Structures are given as structure tokens and as C-alpha cells.
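What follows is a single structure, written as C-alpha cells, with notes after it.
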Amino acid sequence: MAFTSLNTAATNVNPNKSFEVATPPSDSVSSLSFSSKANHLVATSWDNQVRCWEILPGGSTQPKAAISHDQPVLCSTWKDDGTTVFSGGCDKQVKMWPLLSGGQPTTVAMHDAPVKEVAWISQMNLLVSGSWDKTIRYWDTRQAQPAHIQQLPERCYTLTVNYPLMVVGTADRQLIVYNLQNPQTEFKRIQSPLKYQTRCLAAFPDQQGFLVGSIEGRVGVHHLDDSQQSKNFTFKCHREGTSSTEIYSVNSLNFHPVHHTFATAGSDGAFNFWDKDSKQRLKAFSRCPYPIPCGAFNADGSIYAYAVCYDWSKGAENHNPSTAKTYIYLHYTQEAEVKGKPRVGAGRK
């Protein structure tokens with residue numbers, strides 16, 4: 001489907017009647033992340049900005065603060081104290097922004113190519129950054145030099161941390177698993193169970209495995225323990241048409257912090273909630289007219305935030321700045337949408 005045909009006034013950009021975030025970025029959103037301490041949402045964008053909103057009771061939003069990078073910003077994460085934000089991007093650096101104290105951002109990490117992913121590891125008091133320079137680097141933010149540099153086989157496309165588990169997805173469908181209690185050694189290296197390029201990862205809440213999503217509308221559920229391999233499976237999602245001929249990228253995977261079900265969001269403009277244990281889709285939402293490049297749950301799972309905008313998957317030639325708009329929406333979750341269900345034909349374990 002050509003996105004140009006969707007630019008009509010009749011198009012409903014908010015078919016799920018979600019709450020709209022005030023004053024969104026002027027260009028596409030690359031990441032969304034919530035503070036673990038309050039309903040503060042950060043978005044990074046291709047317009048070189050990092051913005052924060054406070055979500056007020058009732059779904060309204062208050063722009064809180066913003067900072068700039070010199071080039072497009074690709075990733076963000078919060079420190080566990082809920083006051084500080086890290087952001088990285090095409091300027092090859094990670095900035096630390098003491099947002100809630102009103103402090104100025106400082107550069108705390110450098111790479112030799114754009115920074116694609118950042119994560120804060122509270123148990124180690126370290127920041128980890130993954131880059132297209134084929135390294136991940138660990139940083140004590142008080143030191144100018146990295147605490148450790150880990151070589152990767154290829155460019156870092158995505159990473160997920162749930163201590164002590166970290167999984168890095170690189171080009172060529174490589175997945176490198178680390179036990180962060182021994183971070184300088186690869187725990188395991190595996191080829192993605194999906195046949196196409198890796199787009200996103202999410203570590204299981206119990207650290208026993210991970211989800212992987214690809215550009216080919218498919219998600220893999222992978223357990224690390226060799227004895228659990230029979231539980232591994234893949235499933236199709238974010239596809240259209242009777243024979244699933246229109247295939248879209250899975251852009252975002254997020255576990256619900258309470259019920260441990262998960263959300264997928266894709267370039268078809270849809271997001272869905274799933275239960276991996278009963279292998280069921282819990283809720284399918286209406287498709288938005290533009291791709292969803294990223295999503296995130298807040299700390300208690302009561303809000304799922306998602307961006308609706310051009311995702312650059314069809315290149316610059318299909319991007320029309322005059323009609324392209326960026327939206328960030330907040331969906332307030334219902335328990336029935338996010339609570340796991342017993343498997344069909346099986347009693348509760």
C-alpha cells in the first residue's frame with residue numbers, strides 16, 4: 001500500500017481513540033521511554049531533539065523540557081533513579097541529561113559511528129551503548145574512557161537488557177547473548193531463528209530467553225536453556241491480505257511490567273498485545289494510517305505509548321515533509337487486554 005494514498009483528509013489518524021501527546025516532534029520518532037518513577041515520557045526524533053512530557057491524570061500531557069543533539073537522535077533510556085535521561089544518535093555520542101534537576105546535558109560516551117542503542121544497567125552502575133561501529137561500550141559516567149569495549153561481529157541494530165541477561169542483535173542476523181555477571185565474554189552466539197534482518201529484541205522478564213522481531217512481519221520466541229528448546233516458536237504478525245502478501249516490519253517489542261504479556265508494533269500502523277505462554281493474541285488494535293516505529297509501557301503498565309509517523313522504511317523519496325505528520329499516542333490499557341489467558345484446552349497450571 002502506498003503511503004501517499006493515505007494522506008487524505010478523511011483518514012483517521014487515531015482509530016483507537018488514544019490520548020494525543022501535546023506538541024509532538026517535527027520529524028519521525030526513533031524511540032520512546034518512560035521513567036520508572038513517574039509518568040514522564042521521553043521521545044527522541046530525527047529532528048535532532050530529545051523531548052520530555054509529564055502525563056497528567058486523565059491523559060493530558062504537559063511538555064516538560066527538551067534538549068538538542070547535532071544530528072538525528074536514535075535512542076534513549078532513563079537512569080533507574082527516574083531523574084536522568086541518556087540519549088544517543090548520529091552524532092556518535094551519548095548525552096546524559098539531568099532532566100528533573102534542570103541540569104545541562106553532558107557527553108558521557110563516544111563511538112566511531114552512530115549510536116543505535118543505550119541501556120542503563122543499575123546493578124552495575126554502568127551505561128551500555130551499542131553502535132554501528134561494531135562495538136558495545138560500557139561507561140562509568142564519571143569517567144571519560146569506557147570501562148570496557150566489546151567487539152561485535154557486525155553493526156549493532158538493537159539490544160535488550162534485563163540483568164543479568166543482555167542480548168545484542170547485529171547485522172547478518174547475529175544474536176549475541178551476554179551474562180552481565182561476566183560481561184567481557186560472550187555467553188552464546190546464535191543465528192536469529194528468523195530468516196530476515198533483525199529489527200528489535202526484548203528480554204523475557206524472567207531472564208530465561210528473549211523475543212526477536214524482524215523486518216518480515218515475524219516474531220521469534222527463544223529460550224536460552226538447551227533443555228527448553230522445544231518451547232521455541234515463531235509466529236507471523238503485522239501482515240495484510242488473505243495470503244499475508246503485504247508484509248511489514250515488526251519495529252517494537254515491549255513486555256508488560258506486571259502481567260509479562262507483550263506488545264508488538266509494526267510498519268503496518270498496528271499494535272497488538274500477545275501472551276507467549278498461551279500462544280494467543282490478546283488484543284488486536286485498529287491500524288493507524290502510518291507506521292508505528294516504537295512503543296513503550298509505563299512503569300505499572302497502565303499506559304502504552306506509541307508513535308505514528310513515517311518510519312523511513314521506504315526511503316527519502318517516499319517522504320513528503322509537507323504532508324508528513326508525527327503523532328505520539330497514549331493508550332490506557334484494560335486488564336483484559338494485557339492479562340495472560342490460560343491456554344485453550346488446558347487447565348491452569
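Every residue, even glycine, has its Cβ placed from backbone N, Cα and C.
Given the structure is predicted, the values throughout are model-derived calculations rather than measurements.
Over in TrEMBL, the protein carries these features:
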type: REPEAT; residues: 22-55; note: repeat 'WD'
type: REPEAT; residues: 66-107; note: repeat 'WD'
type: REPEAT; residues: 108-149; note: repeat 'WD'
type: REPEAT; residues: 250-284; note: repeat 'WD'
- Item | Same-chain residues near the repeat 'WD' (66-107), Cβ under 8 Å, at least 6 residues beyond its ends | 27, 30-38, 40, 42-52, 113-120, 122, 127, 129, 131, 139, 141
- Tertiary contacts of the repeat 'WD' (108-149), defined by C-beta under 8 angstroms and 6+ residue spacing from its ends, are 71, 74-80, 86-96, 155-161, 163-164, 166, 168, 170, 180, 183-184
